[in-house]
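Participant: Below you will find the structure I want to go over with you.
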Amino acid sequence: MINSLLTRVFGSRNERQLRQLNRLVTQINALEPTIEKLSDAELQAKTPEFKQRLAAGESLDKILPEAFAVCREASRRVLGMRHYDVQLIGGMVLHLGKIAEMRTGEGKTLVATLPVYLNALQGEGVHVVTVNDYLARRDAAQMGKLYNWLGLSVGVVYPGMPHSDKREAYGADITYGTNNEFGFDYLRDNMALSRADRYQRNLHYAIVDEVDSILIDEARTPLIISGPADESPELYIRVNRIVPQLTRQESEEGEGDFWIDEKGKQVHLSEAGMGHAEELLLQAGILENAEDGLYAAQNLSVVHHLNAALRAHAIYQRDVDYIVRDGEVVIVDEFTGRTLSGRRWSDGLHQAVEAKEGVPVQRENQTLASITFQNLFRMYKKLSGMTGTADTEAYEFQSIYGLEVVVIPTNRPTVRKDHPDQVFLNRKGKFNAVLADIEDCAKRGQPVLVGTTSIETSEMLSEHLRKAGVKHEVLNAKQHEREATIVANAGQPGAVTIATNMAGRGTDIVLGGSLESEYHALGEDASEDARFKIKTEWQRRHDAVKAAGGLHIIGTERHESRRIDNQLRGRAGRQGDPGSSRFYLSLEDNLMRIFASDWVQKAMRMMGMKEDDVIEDRLVSRQIEKAQRKVEAHNFDIRKNLLDFDDVNNDQRKVIYAQRDELLDAESVKDNVDGIRGDVIYDLVARFVPPNSVDEQWDLKGLEATLESELGMTLSLTDMVRAQEEIDAEQIAAKVQTAVDAHFAEKEAAIGADTMRALEKHVMLTVLDQGWKEHLAKMDYLRQGIYLRGYAQKQPKQEYKKEAFELFSEMLENVKREVINLLARVRIRSEEEVAELEEQERLQAQARLMASQFQHQDVGGYGAEEEVEQMQGGNAPVPVSQVTRDEPKVGRNDPCPCGSGKKYKHCHGQLS
């Protein structure tokens with residue numbers, strides 16, 4: 001009550017921020033008359049002037065009003081577009097490192113030019129992040145005219161571009177690209193074997209377009225670079241033949257072999273199902289011993305394959321979750337409806353789906369490098385974003401990324417009419433009503449956009465409309481090549497467009513059709529008369545559509561997130577245009593069936609409802625919203641859980657990547673090698689001759705054999721001990737150390753100091769990369785089974801942290817030992833041989849990258865649902881990580897970032 005009273009008196013926090021920013025808008029507008037009088041040359045000269053002022057110590061905030069005024073005037077001259085006052089506010093919000101919520105059609109692309117121009121003046125690079133390559137290239141081409149005119153360079157990065165071009169794009173003042181490309185390039189850079197092979201500079205400032213889609217929807221899935229593992233895909237094909245013989249239970253307690261947990265996208269074998277599966281696997285010769293049972297240690301790989309095959313058959317549907325194209329299984333993005341070519345599900349799921357569809361089964365992949373979007377974007381010194389729908393996820397933006405959401409007012413009031421949901425008993429009744437609404441709109445000349453959640457639904461509706469003789473277009477993963485043309489015409493009078501999840505399409509639907517597309521089709525040489533005719537005809541259509549009610553949005557199903565529904569609605573009513581929306585639902589829809597309360601269904605049936613009867617009631621709408629909130633909370637838990645685990649990996653990733661950077665930058669790593677050699681020899685001797693021990697405890701023969709097998713050195717320690725009457729363990733260790741040092745000195749004298757330095761650096765990098773790759777595989781296995789610790793009354797997250805630390809320490813020790821062993825045994829005659837070795841390794845690394853899969857991991861892996869429940873059950877709350885604005889270098893005497901409490905040099909800085 002006190003809060004609401006204070007809000008009434010002082011306004012909400014959002015209103016107070018807008019008032020504060022309006023003062024800066026007044027300053028910018030006051031500068032406009034002066035800036036307008038400048039010639040083109042004088043306006044362009046402002047860019048070097050701003051750079052000089054920044055170099056002299058002036059802050060970005062100080063020059064903001066003048067820089068925004070210059071950018072606005074340049075935009076008016078170059079693009080023919082002048083920023084509105086609300087767009088200036090949006091630009092300020094982005095500059096301040098916050099999220100600007102701006103409605104569809106309010107010109108987010110133009111808004112971004114203001115903070116991009118201002119921050120690019122620092123010369124450290126600005127990344128503009130989009131959801132797809134088309135938008136990245138389009139925006140770079142359109143807005144690049146403005147930036148180039150103002151004296152700033154622009155680059156765009158996309159998959160498959162030549163190495164030199166990509167380096168140049170990252171070296172530009174402003175770089176456009178997708179979130180995936182920026183993420184994969186970061187991982188590629190940290191697999192590079194020389195500075196020349198790297199693309200990116202420091203991560204300075206990023207503006208993320210459709211920020212909710214990238215930082216929330218896609219944050220459930222890590223970016224992974226993986227290479228083919230050695231295991232044959234044959235087992236997937238054999239297990240696939242067995243799964244169709246298993247039957248589904250209708251309920252958890254019913255008859256059958258397995259039941260489906262639809263919320264968690266999991267399949268669970270029943271008691272009877274385990275027995276039936278074992279029987280079938282024995283008959284097929286996949287299980288060898290009937291006594292061992294399915295869950296014996298040696299059969300865990302079979303369990304993994306069986307679970308993947310069950311999920312592929314029971315949960316993942318063709319033309320909903322994936323399509324089959326040119327003999328390949330291609331994933332369909334559940335949020336945007338786009339195909340994700342080149343991406344693969346992990347945990348064997350993709351191979352299981354390939355086996356199910358009868359297409360060639362690719363080898364399972366081994367992780368080479370991975371990162372989540374949360375940890376990628378938190379590495380930027382400054383991060384901001386824009387979207388039409390962020391306010392519903394404000395808590396997550398604040399708690400995970402430290403980003404505040406500011407809702408920007410529209411330039412003109414929104415007049416769209418959002419009609420209440422209509423709820424039907426079944427899908428047939430719902431689609432009859434949808435088809436009737438579409439036909440009514442088409443007759444009246446009102447354009448209609450129909451949003452569906454799957455390709456299957458869009459094609460079913462298309463078939464019904466074709467039979468009814470209604471002309472229409474379908475926009476889904478199968479027709480994405482024609483996307484621009486379809487969207488350009490979606491606002492024509494009476495146009496009917498069926499689209500799977502319009503979220504993130506990035507192109508406005510203009511009432512009357514796209515005038516810009518018609519001008520483009522005319523060509524640049526078209527006469528003014530021809531352009532005038534086009535404009536007159538477009539205006540007639542535009543007015544006719546407005547009179548018919550503007551664009552009408554039909555939603556055929558509620559999405560699991562309210563935000564996606566709002567994005568669909570937001571396609572209508574842009575910039576004060578008229579428009580309307582309505583959602584048609586049925587009790588058979590996934591959201592209603594899985595999450596809505598049973599009483600809604602019972603009540604509708606008790607009322608004797610028929611399939612064409614409809615309910616429009618606030619109580620039902622509230623139940624639907626409640627169901628959506630449940631799903632949103634569930635998905636937040638999954639993302640938070642993923643982040644808690646990846647934070648452990650991230651601490652280790654930072655240490656490894658920091659050490660790689662030091663190795664790449666170092667002229668010489670001799671001091672590192674000398675230090676490592678001392679540690680390795682001390683540990684080696686201590687295994688056979690423990691410190692402070694007596695000669696009866698020594699194993700000199702074992703030490704001699706190990707020195708020969710691991711270091712290629714022959715030392716007669718037994719004779720040496722016989723020759724000296726009094727010798728202790730410390731003296732033996734010193735003798736071995738001296739002998740090994742001499743062995744390395746001889747090698748260096750033989751091949752030359754420069755050759756030795758190059759060899760040391762090459763070996764350290766290669767061994768570190770191999771060790772990290774093997775460590776990631778171990779971490780994957782640890783992650784998959786850690787939730788089971790919850791059944792032993794242990795906290796899985798704490799257990800994961802503890803074991804991950806032990807694995808990491810073990811990996812570092814193995815790396816140190818392998819470096820010394822290789823350097824001791826390798827035979828090199830000249831520096832040219834080292835250079836040739838490095839070049840071969842570099843080419844092999846590039847070949848591995850070319851053969852690698854770039855994927856989003858499917859987080860609904862075996863046991864993922866149990867993981868979330870186990871992580872939450874009885875665990876102390878984990879402190880929420882705030883956005884890291886700057887990553888200082890870890891000093892040798894600083895506390896290690898892994899949290900052990902030791903100094904960095906005594907913990908994970910041991911390689912440095």
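Even glycines carry a Cβ here, placed using N, Cα and C.
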Participant: Gln87, Gly105, Glu106, Gly107, Lys108, Thr109 bind ATP in Swiss-Prot, but which of Asp437, Asp440, Asp508 does that record place at the same site?
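Facilitator: Answer, per Swiss-Prot (ATP site with Gln87, Gly105, Glu106, Gly107, Lys108, Thr109), from Asp437, Asp440, Asp508: Asp508.
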Participant: Taking 10 A as the limit, how many CB atoms besides its own sit near the CB of Glu106 (ATP binding site)?
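Facilitator: I get 24 for this one.
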Participant: Which chain-mates of Thr109 (ATP binding site) that are at least 6 residues away have a CB under 8 A from its CB, listed by sequence?
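Facilitator: Residues satisfying the criterion: Asp139, Gln142, Met143, Asp209.
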Participant: Note down the number of other Cβ atoms within 10 Å of the Cβ of Gln87 (ATP binding site), including every protein chain shown.
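Facilitator: 27, counting other Cβ atoms within 10 Å of Gln87 (ATP binding site).
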Participant: Enter the number of other CB atoms within 10 angstroms of the CB of Lys108 (ATP binding site).
Facilitator: 23
Participant: Cβ within 8 Å of the ATP site centroid (Gln87, Gly105, Glu106, Gly107, Lys108, Thr109, Asp508 excluded): which residues?
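Facilitator: Near the ATP site, the remaining chain residues are Met102, Thr104, Leu110, Val111.
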Participant: Within its own chain, what residues at least 6 apart in sequence put their Cβ under 8 Å from the Cβ of Asp508 (ATP binding site), listed in sequence order?
Facilitator: Thr104, Gly105, Arg574
Participant: Among the binding-site residues listed here (Gly105, Gly107), identify the one with the smallest other-Cβ count within 10 Å.
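Facilitator: Sparsest of the binding-site residues Gly105, Gly107 by Cβ contacts within 10 Å: Gly107.
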